[in-house]
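**Q** The following feature annotations were taken from Swiss-Prot:
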type     : residues                              : note
BINDING  : 22, 23                                : phosphoenolpyruvate binding site
BINDING  : 94, 123, 124, 125, 126, 127, 306, 328 : UDP-N-acetyl-alpha-D-glucosamine binding site
ACT_SITE : 118                                   : active site, proton donor
MOD_RES  : 118                                   : 2-(S-cysteinyl)pyruvic acid O-phosphothioketal
């Protein structure tokens, strides 16, 4: 099954349930290493990335049981006896590098191949390594591997040159068992950072300030296993909000956190979409006169880079000129080439894309170049004339569970072959 076929022109209606956040679950799975005990993740999304990082943990002798029927993951890291995970697995998923902090903190040594993931630009690991070095780890890089050793990590003050989510998570996990106090300045503020801190604190860590630009961590001696339910996936929610907008439809989302979605809500509201939230549910009505806007991706609480491609898809359907500026990754406009094959008028100028919206799109074969690009091409297919064939859908499966089934339930004519 390597294609998703979308026959455009159908309006959407009904309800869709949003999964818990992939970008919370991946670091939480990594953090389970710190306890040496059993941790249970409830309401876990059944995604390819989740399966890969689970296999990474198995490759260092952890026990990981994935209960797909009940969306539960049970992790027992008490018998870890290998300090080098399978390199082929690590190369599949960039988030595999998140186990470095927990492994060094608990065991004092670790070796890992350079990580993989979506090809959306250079995402250097230097911030991770500089921070781990500041905590006392001796770092060596060579022949495609990173090796770290430390008798015992010691707390320190760390300033991140950029508020990297992965570096913030890795250093936070490394510091919880370090001796003394650690302060991470210019830390990432994403909701997933807060969720990881909540998980770690429930294990017995002492973390204050997660979700702000300064995180204080007082090291503790050990951590215990816990049960945790992650936050909702704000990017999946944003994708379905955009699906309602691009099809000029009205749908209900169940499983949202309005606070986490504020940047997306603000921009869609500016476009003309009507959004009403009640508790953890949201009504999104795109059946209004929509107008072009300018968007600039920024670290949270700015507009998320992970919603850039989907929003570009929406803007191609709105008459007028929009400008999208990508400030996080330098190579995240590959979907524009595929959208142009469908009839979109998009011009790339460095880190900006100029969209002359309103052209009718025509279905054709397009390639999902990365996770969010794949979702964006499906959105284009929902409104294109004729049939759109999206290939390389393994990218999409990394972050969306059964996206075609969820859209089918809303009335879209979409299927997988």
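Each Cβ is built from the backbone N, Cα and C atoms, and glycine gets one as well.
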**Q** What same-chain residues, at least 6 away in sequence, bring their CB to under 8 Å of the CB of residue 328 (UDP-N-acetyl-alpha-D-glucosamine binding site)?
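**A** Set apart from residue 328 (UDP-N-acetyl-alpha-D-glucosamine binding site) by at least 6 residues yet with Cβ under 8 Å, we have 297, 298, 299, 305.
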**Q** So for residue 125 (UDP-N-acetyl-alpha-D-glucosamine binding site), how many other CB atoms are inside 10 Å of its CB?
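**A** Excluding its own Cβ, residue 125 (UDP-N-acetyl-alpha-D-glucosamine binding site) sees 20 Cβ atoms within 10 Å.
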**Q** For residue 306 (UDP-N-acetyl-alpha-D-glucosamine binding site), name the DSSP secondary structure in the helix/strand/coil scheme.
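**A** DSSP assigns residue 306 (UDP-N-acetyl-alpha-D-glucosamine binding site) to helix.
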**Q** What residues, ordered by sequence, lie under 8 A Cβ-to-Cβ from residue 23 (phosphoenolpyruvate binding site) and sit at least six positions away in the same chain?
**A** 165, 190, 192, 233, 235
**Q** At 10 angstroms around each C-beta, which of the binding-site residues 126, 306 has the fewest other C-beta atoms nearby?
**A** 126
**Q** Where among the binding-site residues 22, 94 do you find the Cβ with the fewest other Cβ atoms within 10 Å?
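**A** Comparing Cβ neighbours within 10 Å for the binding-site residues 22, 94, 94 has the fewest.
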**Q** With H, G and I counted as helix, E and B as strand and the rest as coil, say where DSSP puts residue 22 (phosphoenolpyruvate binding site).
**A** helix
**Q** Looking only at C-alpha atoms, tell me how far residue 125 (UDP-N-acetyl-alpha-D-glucosamine binding site) is from residue 22 (phosphoenolpyruvate binding site), rounded to the nearest Å.
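**A** On Cα coordinates alone, these residues lie 20 Å apart.
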**Q** Take the C-alpha atoms of residue 126 (UDP-N-acetyl-alpha-D-glucosamine binding site) and residue 22 (phosphoenolpyruvate binding site) and report the distance between them in angstrom, rounded.
**A** 24
